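Asks: Annotation comment: Swiss-Prot describes 241-242, 468-470, 511-512, 615-621, Q625, 688-691 as Mo-molybdopterin cytosine dinucleotide binding site. Annotation source Swiss-Prot lists active site, proton acceptor at E692.
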Amino acid sequence: MKFDKPAGENPIDQLKVVGRPHDRIDGPLKTTGTARYAYEWHEESPNAAYGYIVGSAIAKGRLTALDTDAAQKAPGVLPVITASNAGALSKGDKNTARLLGGPTIEHYHQAIALVVAETFEQARAAASLVQAHYRRNKGAYSLADEKQAVSQPPEDTPDKNVGDFDGAFSSAAVKIDATYTTPDQSHMAMEPHASMAVWDGNKLTLWTSNQMIDWCRTDLAKTLKVPVENVRIISPYIGGGFGGKLFLRSDALLAALAARAVKRPVKVMLPRPSIPNNTTHRPATLQHLRIGADQSGKITAISHESWSGNLPGGTPETAVQQSELLYAGANRHTGLRLATLDLPEGNAMRAPGEAPGLMALEIAIDELAEKAGIDPVEFRILNDTQIDPADPTRRFSRRQLIECLRTGADKFGWKQRNATPGQVRDGEWLVGHGVAAGFRNNLLEKSGARVHLEPNGTVTVETDMTDIGTGSYTILAQTAAEMLGVPLEQVAVHLGDSSFPVSAGSGGQWGANTSTSGVYAACVKLREMIASAVGFDPEQSQFADGKITNGTRSAILHEATAGGRLTAEESIEFGTLSKEYQQSTFAGHFVEVGVHSATGEVRVRRMLAVCAAGRILNPKTARSQVIGAMTMGMGAALMEELAVDDRLGYFVNHDMAGYEVPVHADIPKQEVIFLDDTDPISSPMKAKGVGELGLCGVSAAIANAVYNATGIRVRDYPITLDKLLDKLPDVV
């Protein structure tokens, strides 16, 4: 199905099932411990062996010798897999570094061996006996040190210029010129990376934890140099990903190599301390913002430049993209700079680009509003735009940023805010309020599905879409139930299997909208088949209460299956609407913090997010996404930072004892409001994504609240005690 014109009225608009706050249909499986994750397919692997990864102890250089003799002789050990005995390997298109290193070492803890044994404990013990010898090369590990060496943008991301920024900024009545930094961050998903591989002749089945089934399958086949049709990926349940499981990782490749070597199933899991250095992370940024406004507060010039680092062949953190679209302004400049760093691979983490970009932009906007003497909410409203500032002919399909800010200000009690920093106290606590705009583009990907009408009247949905804790099972079932007029309980959904039609997968906030659109497309075809089977006109038929009705005639759905189950397979492909219209999602984030006047401890007291993100397919699962994102934004603002050893090139705090994330005691009262934002330009579902929007802007709102509480402007995240303590006002 080609979606190339705005959606008209369709069966989804009935909103009998879609748009309702249904509980997650996979909830009972997860709460009873019967949902099986990648490492838990025990019945399929009664004789499984276990692999333990040995990682490089240097960040850059060469492996000069690898002695595995002692490990090989240890109890229970089967083979030790290394680059020298693994056979010829390629590299997946979406991998920056090779997943099995040697002799060249590209980053710290790049896998150099896998010890395979009868038990996990034997494999782990034997891994400590592997002796590696290296020749260490000098590496680059500090973005600040490498910044000056990077003066040109990457070839495929040139600077963007509109109007005359330099002239407009020079003559601006009010201006801000400041630098902001965000640190390297880790995904820290609850479930670690894990895989189990089984070969049957030349056919590989891999149970793994991966967000994008088709990407994983394609890159694994390429790396192993086997036909893609010989690889099957199964990933029905995923314990969080946040972008860290978008791509093929070393656990999957090494499990496949080991299983081929021992001719039996092999399980490989990355222990928590291995994940930050062995996999990917959100790269640090150094961002320079210059914004100018006229006497009335209208922005006349805006420049956002961002530096980030990555391994050779890697991509930059696109932290400037929201600054191209969020606010009006005739004169604009954005640019990315990419330094070569020898740290582990930088790649996507929840809301790549916008999340760190808004951490800087939305502080700068507050600073400029203060200089202009305008309330920060009103300043954002004053500078709203309904068109792409770089192309006045291109309008937003829907843009309710003003409504988000107005609704949020009223609900939050913004009018009671004291605009003078450091003036509100609650005992020993300084109290402040902050606001930030949220923005995330609406990305679209082709997505397919297969839908069966069974002879007993139930409906089965099959797609390789994944559920990373987001509620995919439920919203896909709601879509099929709405389209075919059956109760939600009569729909079974099967996900995460490469034998199913290729979906958009889970990433980039595109999963909900595009995967449900794929199911919609398959159901449109199935409706036609059902109508034809019972002799009805498909165009004049309605589906409700388990029946198909055409005028005065009706039939029970399962009557259409007299000749056996009916199956429809279809995909949704998006046309030029995304080029004709700018499609984005918007939010207003409001935060109250308390800062202890003596210790500098920051406590977030309450949070409010008002979101405009298309039709909300399930308010309950969508709210869960947003409050989780708000919590992640709190972590980014106040505690999360991968500490870099810039002598040896690795992340020091590579476990959850050293890398702090918010816990239940940190989470305050959280409220979420969804505006009616049904968007016929986005898809037949008229929906968009919301799981990343809930993060975008939160950290800056907290930073702005800390400033309002204390008068201390922190531009370097995270906002830790050391950045506040010696600047706090005297305790009275």
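The count begins at 1 with the first shown residue.
Here the Cβ of each residue, glycine as well, is placed from N, Cα and C on the backbone.
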Asks: How far is it from A512 (Mo-molybdopterin cytosine dinucleotide binding site) to the residue listed as 'active site, proton acceptor', counting Cα to Cα, in Å?
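Replies: Answer for this pair: 12 Å between alpha carbons.
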Asks: Sequence gap of 6 or more, Cβ distance under 8 Å: name the residues on the same chain that satisfy this around L617 (Mo-molybdopterin cytosine dinucleotide binding site), in order along the sequence.
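Replies: Within the chain, L617 (Mo-molybdopterin cytosine dinucleotide binding site) has Cβ neighbours under 8 Å at V18, G19, I475, Q478, T479, A512, T516, M685, A687.
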Asks: Using a Cβ cut-off under 8 Å and a sequence separation of 6 or more, which residues in the same chain sit near G691 (Mo-molybdopterin cytosine dinucleotide binding site)?
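Replies: Spatial neighbours, sequence-distant, of G691 (Mo-molybdopterin cytosine dinucleotide binding site): R350, T470, Q509, G511, A512, Q625, V626, G628, A629.
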Asks: Quick one, of the binding-site residues K620, K688, which Cβ has the fewest other Cβ within 10 Å?
Replies: K620
Asks: If I take the alpha carbons of G241 (Mo-molybdopterin cytosine dinucleotide binding site) and E692 (active site, proton acceptor), what is the distance between them in whole Å?
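Replies: Roughly 13 Å, rounded to the nearest whole number.
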Asks: Using a 10 Å cut-off on Cβ-Cβ distances across all protein chains shown, tell me which of the recorded positions (G241, E692) has the largest neighbour count.
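Replies: When each Cβ's neighbours within 10 Å are tallied, E692 tops the list.
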Asks: Where among the binding-site residues G469, A512 do you find the Cβ with the fewest other Cβ atoms within 10 Å?
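Replies: If we count Cβ atoms within 10 Å for the binding-site residues G469, A512, the smallest count is at G469.
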